[in-house]
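I have placed the structure first, in the form of structure tokens, so that the comments after it can refer back to it.
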């Protein structure tokens, strides 16, 4: 990889910004629907569209993490790689878990010691399972991806046999389905392996990035057809409320295909215009992990403030769509404002607190 390419990948940076906006918008629609209708019903057309287009969008982050490892971070060595992740992912995760757990705790004991003990016990559980806020579930998964990175890189480069095993890792999510962990205190190996496939796909793309993107460019019509077919099939499965065959979720298999295809198409689009800088998207991309950490708490703690829009049922679904757009702008804007204030107050130490 040429040093010049490793310094700054504008198309990847833009993709990171778009990915976090997609994730936040998906959550904004969910929040708007819950506030407006009182229930998140997958048979409701707007929810169905949102689920098909936005569910499993965290795959974008997993692919991007793998891509950045092989295209930028690998040459810097594992020590720097792990120190970077410890300082700018794990430590902010620890700090924000302390904060979010404090907000959601109900202190019922009369003694300070017991209240502190209960709080620390809850912090420990929230750290392990990623439950201080509903978006935090992904961080334990991300830690797992970081831990298996050397093994994946070895498989990717060692021999023809290990490369074949690496390919199987990429294909594994077609049969090993993600199990939802956002709202329960559990860690599922299946979910770890599901995102390992996406991470490995990113590693493959990131190794000789320009060559891989040129290959994808030649195959773009096939990728577009796969994206379209998987999306149509997902609408079919949601319409007829069908999902699992044996231990395999057909929806999760199709989401995996769809999101990898979307990833390739988005990267190709940004690559085509890589010399154009979109200032506002660059800002969002720069602070994307901070936005990820903060937006869930901001969004769902402020839902009631948007009732004036969401309660205009006469124009449904425009009330929900408008509310979701407002929630997106509000959540991202307030997250960026929080980062700005944190940087002003704590300078370079802000990255240890909010991840930016």
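Sequential numbering from 1, following the chain as shown.
Backbone N, Cα and C atoms are what each Cβ position is placed from, and that goes for glycine too.
The feature domain 'Acyltransferase 3' is assigned by TrEMBL to 13-338.
Positions annotated as transmembrane segment by TrEMBL: 12-34 (among others).
Nonlocal intrachain contacts for the transmembrane segment (54-74), taken as residues 6+ away from its ends with a CB within less than 8 angstroms of a stretch CB, comprise 1, 5-6, 9, 12, 15-16, 19, 22-23, 25-26, 29, 80-81, 84, 138, 141-142, 145, 149, 152-153, 156, 178, 195, 198-207, 209, 252, 255-256, 259-260, 262-263, 292. For 54-74 (among others), the entry in TrEMBL reads transmembrane segment.
TrEMBL lists 86-107 (among others) with the feature transmembrane segment.
Packing against the transmembrane segment (127-149) from elsewhere in the chain are residues 27, 58, 61-62, 65-66, 69, 78, 81-82, 85, 89-90, 93-94, 96-97, 99-101, 104, 181-183, 185-187, 191-192, 195-196, 199, 292-293, 295-297, 300: each is 6 or more residues past its ends and has a CB under 8 Å from a CB in it. Here TrEMBL flags 127-149 (among others) as transmembrane segment.
Feature annotation from TrEMBL assigns transmembrane segment to 161-179 (among others).
Positions annotated as transmembrane segment by TrEMBL: 191-209 (among others).
The transmembrane segment annotation in TrEMBL covers 221-241 (among others).
Within the same chain, residues 10-12, 14-15, 18, 55-57, 59-60, 63, 173-175, 177, 194, 197-198, 201, 205, 213, 216-217, 220, 223-224, 226-227, 230-231, 233-234, 237 sit at least 6 positions outside the transmembrane segment (253-270) and bring their C-beta atoms closer than 8 Å to a C-beta of that stretch. Positions annotated as transmembrane segment by TrEMBL: 253-270 (among others).
Within its own chain, the transmembrane segment (290-308) has Cβ neighbours under 8 Å at 20, 23-24, 27-28, 31-32, 34-35, 61, 92-93, 96, 100, 103, 133-136, 138, 284, 323, 326-327, 330-332, 334-336, 338-339, 354-356, counting only residues six or more beyond its boundaries. Sequence annotations record features per position, and here TrEMBL assigns transmembrane segment to 290-308 (among others).
What TrEMBL lists as transmembrane segment is 320-341 (among others). Through the fold, the transmembrane segment (320-341) approaches residues 20-21, 24-25, 27-29, 31-33, 35-37, 46, 283-284, 287, 290-291, 294-295, 298-299, 302-303, 306, 309-310, 350, 354, 356 of its own chain, all at least 6 residues removed from its boundaries and within a Cβ separation under 8 Å.
Over the domain 'Acyltransferase 3' (13-338) the predicted model carries a mean pLDDT of 96.
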